[in-house]
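Everything on this sheet refers to the single structure shown next.
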Amino acid sequence: MPGIVVFRRRWSVGSDDLVLPAIFLFLLHTTWFVILSVVLFGLVYNPHEACSLNLVDHGRGYLGILLSCMIAEMAIIWLSMRGGILYTEPRDSMQYVLYVRLAILVIEFIYAIVGIVWLTQYYTSCNDLTAKNVTLGMVVCNWVVILSVCITVLCVFDPTGRTFVKLRATKRRQRNLRTYNLRHRLEEGQATSWSRRLKVFLCCTRTKDSQSDAYSEIAYLFAEFFRDLDIVPSDIIAGLVLLRQRQRAKRNAVLDEANNDILAFLSGMPVTRNTKYLDLKNSHEMLRYKEVCYYMLFALAAYGWPMYLMRKPTCGLCQLARSCSCCLCPARPRFAPGVTIEEDNCCGCNAIAIRRHFLDENMTAVDIVYTSCHDAVYETPFYVAVDHDKKKVVISIRGTLSPKDALTDLTGDAERLPVEGHRGTWLGHKGMVLSAEYIKKKLEQEMVLSQAFGRDLGRGTKHYGLIVVGHSLGAGTAAILSFLLRPQYPTLKCFAYSPPGGLLSEDAMEYSKEFVTAVVLGKDLVPRIGLSQLEGFRRQLLDVLQRSTKPKWRIIVGATKCIPKSELPEDQVEVTTLASTRLWTHPSDLTIALSASTPLYPPGRIIHVVHNHPAEQCCCCEQEEPTYFAIWGDNKAFNEVIISPAMLHEHLPYVVMEGLNKVLENYNKGKTALLSAAKVMVSPTEVDLTPELIFQQQPLPTGPPLPTGLALELPATEHRNSSVRSKSQSEMSLEGFSEGRLLSPVAAASAARQDPVELLLLSTQERLAAELQSRRAPLATMESLSDTESLYSFDSRRSSGFRSIRGSPSLHAVLERDEGHLFYIDPAIPEENPSLSSRTELLAADSLSKHSQDTQPLEAALGSGGVTPERPPSATIEEEEAAGGSEGGGVAPRGELALHNGRLGDSPSPQVLEFAEFIDSLFNLDSKSSSFQDLYCMMVPESPTSDYTEGPKSPSQQEILLRAQFEPNLVPKPPRLFAGSAEPSSGISLSPSFPLSSSGELMDLTPTGLSSQECLATDKIRTSTPTGHGASPTKQDDLVISAR
């Protein structure tokens, strides 16, 4: 709430902050009330002892004081727990209760003095030990309470409190000159107060001119940021809790929406179809990522002995002590003759720690050339090393490790980069620009780079490349230093780990992508804070405080695991009403105009290391490890502070190092993320990526049997998850890796005996499932197509992230021509392991049908007649089977294949080759365009003797083809040939294999004005397969692929 006003002055404490102090004092006074009552009324005193009589009189008076304190503290507790954060009317009488409690405190102070007098007179001469001990305890307790209250008053004292009250009273009247004078006085007083706090914070450091300037600049920055803001520190804590709950609620709401492209949230960042994962299967990409991990060791070493001991608290101290000359051998030289060390401590611990860091990592080819431990405002420590293995000269800059570094961080105004000959406005973080200029000046004065490149001419150090690295403050300084050094070193590279968010202007940020690679881990706070980001954060914080109707103590306690209940308002209408009614109560909080800060962004191309959040297990169960992924981040996406307990922990340098390594570990274990139109990874926020793939076998539905060979398709009616689910709640039932119902073993075996293609795919799917389990691949499902959703309808579940298009016509098996039997199969999964190519499996199994090529030409199979007559839409599969059985007994039954001369064929048939290419084309991930006929009207190759060409099209087909000519973006992609297929990506890349609009929305290609039967007839994809040899004009089997 706003600061409480007592004695006509505002204090930096709210009336709802007194709950815990009042409870503590109430319990303390209650305890002493019970003890003193037992001592006074339960013991017998000697009437001849003066000390005992004085104790009884003093104790009775103190009992009354204790009783008064208890009553006043109960009233404070009751009042403090009423109302909301900004709803202060129920607590208006708090100041009067405090007046009463302070009056009682004065009486306590008098009784404490009387107790001291009694102790000086009777403590040595009194023989009653009980009386002496009780009196001594009361006196000590009284003085502890009094001193605590005095210290609290000093802490919550606001020097500008009187001016603030006057300004608020004046603002209620018409604005005049007095209002502006009071506002100016308030801002100056706040700046002076902040400057005083900074000086107290840095009381042990020597003050220089630059440091004094930093004090003034940061003080005015804080005064500007908290101007006219009537909140107390506890309000910020409660606001953070509410803001975190709001962010989580928004993410869940986004996942519940049907009209968005967000598949999941990893580390608070949305994952969409356009999210680019690092393709670690690409050798060039893998080498680049390993280079990023390698140079993180140089950035970590720059922190010297504090970080070395933090990483190795036990053996690290022994390693440093063994190398320190001041501890063991003062006369022993510690470094090579060419090493320069500036302003290290007497033992040289920082330089020794840097050296030990590389030795522990077996990096013996790294030579330290120069080490500067000089630490001041705008002057950051750094070191220069030569890496002979990589043939690089490395400049590593230390991050924030001292209060002086914090002053450099807080000087966040925009400063022009001292670089000439560029286009646009290049601005940077002022503190880091000054630090980069200092390092550049130091390198030139000491000729450090000349020494490094001339370190060992025999090894060719003259031709080594230059690398600049840093973490946190060092990352921002390294990026700006790269701007200053790039004119002399055009091949320079920079690696910035956890850089600050408000670092570079947009023009400079775009240019830095040519040579800067930045790394951000998870929900790290630092890459998301700058002046512009903090201003937006302040507005969000005030907004959640305005909308909150709960008491502050309940909000803060609700953030703990004891009471994990959301304190966000449930009824949005009620919240809006309450907020509008409180608008006039605190207008200064709600109408604050944000300052016009120049937007600054993180530098370079950003590698964002994200991870999922496994469900919390019970205390007796082992917690699962999160799975880490690396994606390419957008510099402008880090514009919002994500509130999380990990936002500070994930900024530590050794935690960043662990996160980078875990990406490689997960990749080596086979934990990749691959999404396509028919293969969708379950959201890592819901399902932990573990090797255990749980297949839930569900019973078949009751009803009439389906036609032979028709794959079972049931409606997928599950709703999209709205919150993070546990692993058991997110287990998927798979049918050949398709989301839907699972065929029973008997039904699967029966279908396999009748259909060789289904037999082939069933064995392939089993092998793929076993290998995916052994490779710890992520759970993957194929989007099922229910009989209540069209071919272009995607279920909007959280596990897939697709949007659902409701109300489309039901899908039935509608045949347009009197052709052969239909094979209804599920498409194979895009190969993630090259050894499991669906094309390879098909070609190997084609030996079963090689006899068709040897004994029966394609012309005989197709027949020499014209186009087969069209079949009425009302025809069923049973009628077709009956017709097929009456047309000559030479036609082999469906699914029955004979062997040629008792052996298998040696090469596949052209029809199976075409079918294999079609299967591969379903999972084409390239960006080529296609016509409608390329995928929806696939025919057999034209033959000079075959009349099986394009037959007359129905009106529905002609209208669709005509529409596809004018709307080329609505058609699927072309089939991808196996030989020219792109390398599989290890990142999530969803191929838009279904029609999309210009806005990314899924569209229905069904022409208007057609019946459902005619529309569904166009959804069939045909390819021809021979049904046997020795048959006269044979019916062509339609192979309908249901992408599920």
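Here the Cβ of each residue, glycine as well, is placed from N, Cα and C on the backbone.
Listed in Swiss-Prot for this protein:
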ACT_SITE  Ser472  active site, charge relay system
ACT_SITE  Asp524  active site, charge relay system
CARBOHYD  Asn133  N-linked glycosylation site
MOD_RES   Ser728  phosphoserine
MOD_RES   Ser730  phosphoserine
MOD_RES   Ser733  phosphoserine
MOD_RES   Ser744  phosphoserine
MOD_RES   Ser784  phosphoserine
MOD_RES   Ser786  phosphoserine
MOD_RES   Ser808  phosphoserine
MOD_RES   Ser810  phosphoserine
MOD_RES   Ser835  phosphoserine
MOD_RES   Ser849  phosphoserine
MOD_RES   Ser954  phosphoserine
MOD_RES   Thr1025  phosphothreonine
REGION    848-897  region 'Disordered'
REGION    1013-1044  region 'Disordered'
TOPO_DOM  1-22  topological domain 'Cytoplasmic'
TOPO_DOM  44-60  topological domain 'Extracellular'
TOPO_DOM  82-101  topological domain 'Cytoplasmic'
TOPO_DOM  123-136  topological domain 'Extracellular'
TOPO_DOM  158-1044  topological domain 'Cytoplasmic'
TRANSMEM  23-43  transmembrane segment
TRANSMEM  61-81  transmembrane segment
TRANSMEM  102-122  transmembrane segment
TRANSMEM  137-157  transmembrane segment
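This view paints the features noted in Swiss-Prot onto the structure.
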residue : record                           : contacts (Cβ under 8 Å, 6+ apart)
Asn133  : N-linked glycosylation site      : none
Ser472  : active site, charge relay system : Gly399, Thr400, Tyr497, Ser498, Pro499, Pro500, Val526, His651, Pro653
Asp524  : active site, charge relay system : Ser498, Met647, Glu650, His651
Legend entry - Asp524 (active site, charge relay system) - helix vs strand vs coil (DSSP): coil
Inset, instruction - Residue list, the topological domain 'Extracellular' (44-60) vs rest of chain: Cβ under 8 Å, 6 or more residues beyond ends. - result: 36, 111, 114-115, 118, 122, 125-128, 131-132, 134-135
Inset, instruction - Look up Ser472 (active site, charge relay system) in the DSSP assignment and reduce it to helix, strand or coil. - result: coil
Legend entry - Whole-number mean of pLDDT values that fall within the topological domain 'Cytoplasmic' (1-22): 86
Legend entry - Helix, strand and coil residues within the topological domain 'Extracellular' (44-60) as assigned by DSSP: 11 helix, 0 strand, 6 coil
